[in-house]
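Some notes on the structure that comes next.
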């Protein structure tokens, strides 16, 4: 495709540049309107500057991708309600054998949850619990936070529902869920293992030093702590700085209040114990007043019925989710499979679905709509095609040097323009170039794009939304606040990304 008219090239580049700045730096001082508004602004400018027509803008919105994204978000919300992530979190502390064992467990749990429930969701749910585990063992948090974020990114590459760019690739390439999984799974498994090994080696001395003995000094993490933060990526962005400051200022009062409550509960236990002793006769029999009334028996039955009803509902949620995964593996339409599963969960819940549907990240769906239009407008300028025509002879996927060049281009572009725009800009071109060689090379090109664009998120703190979620969640965690710095992440991110990407490329099938 040749370059468009000069005015379209200039104005389209300006619109795309505005979108890029706001997507990468959502709080830029000149226009702090955020990613979603920046995406819609870029789309509006593309139409306003007549780079694309309104009809072309509507046609650019990929509804199957939005449907798949919506469905997986709803399923994740119901899985959270069914305590799936609480059970995954309990795996971290079950019979733990030290800091290095914890690193491996975090990598494993993060890998499992991210591959099937998206990396962003896993990071939102598990970050605070990882901080509590680190405190329990008197260890510095940042190796564990790095383990969570980096493993989430790597493992999300294995499935079409692991992250947004994979959704785009799966829909555009029409690669089935099973073929996608088989193609990337070996690289993912080896990548997560190598990443965990690098974490242990790089932080060996730090993980070997304990400030105190673990037995008796650490705080035991209870089940309630695992599920103490019930919010989704959609709601996280609405937590204001003033709210967090209010929480910090009121925390001494909260501590005093909780201490008083604890003392009151101890007094009540003592009093109830005294009353029980008074009710008992010398021969050990219980006074007639202690016999349960019919009302209490009825309440106990209702409580048991409610308990079993809740267990059955959780079982239904897990069965529907397993059914969705089986349907995806069978090659059924991914978007409608996810939407069907989400609506099945809504019906099975038998309650007003509004509280759950309000947790869906509609801002992310709008961001995708604006991004589709903006990227389509930028494609119409002819700039991406011109640049790809220059790179194509050196980026053939049928030779090692070509794969290396392509990987470097994807790696750099994913960290400069973000991974989803990179996939939208390069996907069709890379696939068309590979299809000229053979059909199998086309599939391999799509999977290489999925692998490299996903692992590229580990390069820097700004490389993926999962990294930023872990950083922000850790900073705002009540009584556990920890700041994961850009340089702490970069020290590990650069070598991990380069090594894991290179090893994975040899295993893509």
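Cβ coordinates are placed from backbone N, Cα and C, and glycine is handled just like the others.
Within the set 292-309, 382-399, 400-417, the record from TrEMBL flags 400-417 under the feature transmembrane segment. Among the ranges 247-280, 315-348, the one that TrEMBL lists as transmembrane segment is 315-348. Within the listed segments 58-79, 80-101, TrEMBL records transmembrane segment for the stretch 58-79. Most Cβ pairs under 8 Å to the transmembrane segment (315-348), among the stretches 58-79, 360-379, 400-417, 490-508, belong to 58-79. For the transmembrane segment (400-417), the residues of the chain that approach it from at least six positions outside its boundaries are 20, 24, 391, 394, 425-426, 430, 445, 448-449, 452-453, 456-457, 459-460, 462-463, 497, 501-502, 505, judged by C-beta separation under 8 angstroms. Long-range contacts of the transmembrane segment (360-379) within the same chain: residues 12-13, 15-16, 19, 23, 35-36, 38-43, 46-47, 51-52, 56-57, 60-62, 65-66, 69-70, 73-74, 77, 164, 232-234, 237, 385, 420-421, 424-425, each at least 6 residues beyond the stretch ends and with a Cβ under 8 Å from a Cβ of the stretch. Same-chain residues lying 6+ beyond the ends of the transmembrane segment (6-25) with a Cβ under 8 Å from its Cβ atoms: 31, 33-35, 37-39, 41-43, 45-46, 49-51, 370-371, 374-375, 377-378, 380-383, 416-418, 421, 462.
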